[in-house]
Each structure stands twice: as structure tokens, then as C-alpha cells.
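Asker: Got a structure for you, written out below as C-alpha cells; questions coming shortly.
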């Protein structure tokens with residue numbers, strides 16, 4: 001008895017010492033003072049409280065990644081908007097001070113965007129590390145992330161610069177038989193349109209289909225939850241909305257590109273510069289991307305023809321996707337097929353009833369007329385012809401009704417067979433569950449360790 005009391009008192013003292021240590025860790029404040037940022041304070045708190053679950057840490061890293069993505073989106077969109085404003089000022093060669101200020105703002109925002117892009121990829125790596133897809137010691141140049149990051153940084157560097165203002169590139173135009181010129185910043189503004197790819201990437205990242213939960217589900221089914229997966233999911237859930245947004249965006253973006261390419265011809269002959277107006281450029285893109293091509297407006301510069309070539313390729317893709325979506329929306333489901341079959345049988349039955357009533361009607365007319373004897377040969381011949389015609393219609397309607405009835409019965413029989421097979425499988429599974437439980441009972445009685453059976457929901 002004394003030994004038991006001594007062991008119980010020892011356990012109580014151990015528990016009290018553990019609680020005292022935990023309270024000291026919670027009350028201890030020097031760790032907070034050593035932490036320099038909010039993120040470090042959060043890590044210290046979680047360590048003192050025993051740490052977070054893996055799912056919560058992954059969710060936190062994903063939210064940080066989304067926040068960085070949204071900040072990059074704001075700077076990217078701001079740069080594109082300022083570039084559109086600056087283009088018109090430099091083309092007209094007026095208000096050079098305002099144009100120069102806009103160029104400096106674009107330049108500074110681009111530098112900030114480059115830094116934010118590196119931070120975005122670093123945060124994306126932190127998210128992957130929390131999901132244990134890469135090692136904790138991996139650097140960005142040791143993974144596959146460095147190549148897309150380098151391409152993105154190069155694309156962001158293509159902007160109109162304040163150092164190139166006033167610089168020109170001359171070219172010969174065969175249509176006007178004269179020399180025209182681009183400003184260097186106009187060419188840079190044209191290729192700056194490629195930034196819109198990253199704007200669409202950010203929009204896809206804000207949807208339900210690109211989330212921490214989505215990544216876990218994709219890992220369960222051994223598929224990649226990347227941006228292509230998001231696009232496929234949107235095309236499946238809301239195909240017409242997705243295609244409409246993509247089509248309108250392509251028309252607006254490439255219409256602006258065609259305007260930049262064709263606008264220099266207005267310096268030589270403003271009357272013949274059809275595509276220098278944004279409305280005409282939009283119309284040209286619409287008839288090109290839909291593969292119509294009236295020919296009332298067409299490009300006259302090499303850069304403009306290059307843009308139209310890209311639009312032609314995208315137009316084939318967009319129209320093909322629209323046709324496939326329309327065909328898929330018209331595919332009849334199994335339940336709709338059953339409903340249509342039943343309605344067809346009802347319609348054929350009504351046609352059969354009408355044909356039978358017409359046969360009976362003309363048979364009675366002939367019988368009554370012959371009984372009264374007031375029917376001529378011509379009238380009798382006409383009634384017999386109509387009777388034969390209605391008899392043929394009746395036979396055809398009866399044949400169609402029987403065929404449709406056989407098809408419907410066959411489909412119902414197949415459905416019933418599948419339901420019977422399903423019930424048989426469920427019975428076999430229940431029997432297997434009973435046998436497993438019996439085996440476990442026997443093994444437990446024999447003293448052999450057996451893994452408990454866990455029934456699936």
C-alpha cells in the first residue's frame with residue numbers, strides 16, 4: 001500500500017511540474033521581443049502553444065501567396081493602364097512633360113513589380129514546402145520555379161522607358177509608297193500587351209478551383225491542380241460565361257494592338273488610315289477571330305499582319321471550343337432519353353388511335369352506302385382508295401409503336417438488370433463483412449491479435 005501511495009504521489013508531482021513548465025512557456029515574453037516581424041511572432045506563438053496543424057499552416061501560406069498575387073495584379077494593371085494613356089500622348093507628340101511623368105511612373109511601378117514577382121515565387125515555394133512537395137532546404141534556383149520566374153521578369157521588363165522617349169524606328173510601307181516610323185515606346189507598348197497573360201492568371205487564382213482544398217483533392221486523385229485544371233473546371237461548370245469573357249477580352253486586347261501597328265500610317269495620309277480608329281480595329285478583330293473576313297478593313301503594316309496572324313490562330317481555337325461546347329450541351333442524358341422515349345410512345349399511340357378511327361370511319365361509310373344503294377361506282381372507288389390509304393397508315397403506325405415499345409422495354413430491362421446486379425453486389429459485400437467479423441471473433445478467442453475491421457461509409 002505504501003508503494004502504491006508513493007507511485008501515485010510521484011505521478012501527481014510530475015503532472016504539476018509539467019503544468020508549471022507549460023505555464024512558464026506561455027507567460028515567457030522574451031521570445032516575443034526577439035521576433036522582428038509579425039510572421040516571426042506568429043511562429044513563436046504557435047510553437048509555444050504546441051504548433052498548428054499541417055492543414056492550418058498550409059492554409060496560412062496559401063493566403064499569403066494569394067495576397068502577394070493580388071498585389072502583383074494591382075501593379076501590373078496600373079502599368080498597363082498608364083501605358084495606354086502615355087501611348088496617345090507620345091503619338092500626338094504633345095504634352096511631353098505629362099508623357100515623361102507617366103513614363104517615370106511606369107518605370108518605378110515596373111521595378112516594384114519585379115521585386116514583388118520574386119516575392120510571389122518565394123511565397124509560392126513556402127506554400128509548396130508547407131504541403132511537403134519540396135524540401136525545406138530547397139532554394140528557388142534548385143527547383144523548376146526559376147524558369148517561369150525568369151520569363152515573367154523578362155516580360156515585365158518590356159515597357160516604354162523614359163530614356164527612349166522621342167526615339168524612332170523608320171520603315172518603308174509599300175501601300176503608301178512612303179516611309180513611316182514608329183516611336184520605340186510604341187513598339188514596347190505593343191509587346192507590353194503580353195502582360196495580360198498574368199492578369200488572367202491572377203483571375204484564375206481567385207476562383208474556387210484554385211484553393212488549398214482543391215490542391216488536396218487533386219493530390220488524392222493524382223492530378224495537378226494547376227491553372228490549366230482551373231480553366232478546364234470553369235469550362236465544365238460555366239462554359240458560356242468563360243468563353244464570352246475570353247472572347248471579349250481577346251477582341252479588346254488585340255484591337256488595341258492592331259491600332260498601335262496601323263496608326264503610324266496616319267502621319268503620312270490621315271484619310272486612308274482606317275485601322276487607326278479603335279472602333280475599326282475592333283471590327284477587324286471581330287471578323288477575323290470569327291473566321292469571317294469581309295475584307296473591308298485589313299492591315300497594311302508588317303507588325304499589323306503579325307498581330308492578325310496570331311488572331312487567326314486564336315480564332316480557330318475559340319470557334320472550335322464554342323462548337324464543342326454547343327455540341328456537348330445538346331447531348332441527351334440517360335434520364336432525358338427515357339423521358340423522350342416515353343413521350344414518343346405516347347405520340348405514336350395517339351397517331352395509332354387516329355389511324356384506327358379513320359379506318360373504322362371509312363368502313364362504316366362504305367357499309368352504310370352499300371346498304372342504302374345510293375353509291376355510284378366512282379364514289380365507291382374513291383372511298384375504297386381512302387380506306388386502303390388509312391389501312392396502310394394504320395399498319396405503319398402500329399409497326400412504329402411496337403418497335404418503340406420494344407426499344408423502351410429493352411432499356412427498362414437493362415436498367416432493371418443493372419439494379420439487380422447492384423443489389424446482388426451489396427448482398428455479397430454484407431456477407432463478406434459478416435465473415436470478416438466472425439473471423440475476428442475466432443482469432444480473438446484463440447488469442448491471436450487481429451486488426452479491427454473498419455466498415456467503409
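Placement of Cβ uses the backbone N, Cα and C atoms for every residue, glycine included.
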Asker: Quick test of your reading of TrEMBL: among 278-299, 344-365, 366-387, 388-409, where does it put transmembrane segment?
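Answerer: When 278-299, 344-365, 366-387, 388-409 are checked in TrEMBL, transmembrane segment belongs to 278-299.
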Asker: Write down the single range among 50-68, 126-144, 221-239, 240-258 that appears in TrEMBL as transmembrane segment.
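Answerer: Here TrEMBL associates transmembrane segment with the stretch 240-258.
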Asker: Pick from 14-35, 146-167: which range has transmembrane segment per TrEMBL?
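Answerer: The range carrying the transmembrane segment annotation in TrEMBL is 146-167.
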Asker: Do the transmembrane segment (71-89) and the transmembrane segment (306-327) share at least 3 Cβ pairs closer than 8 Å, excluding pairs fewer than 6 residues apart in sequence?
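Answerer: Stretch pair does not touch.
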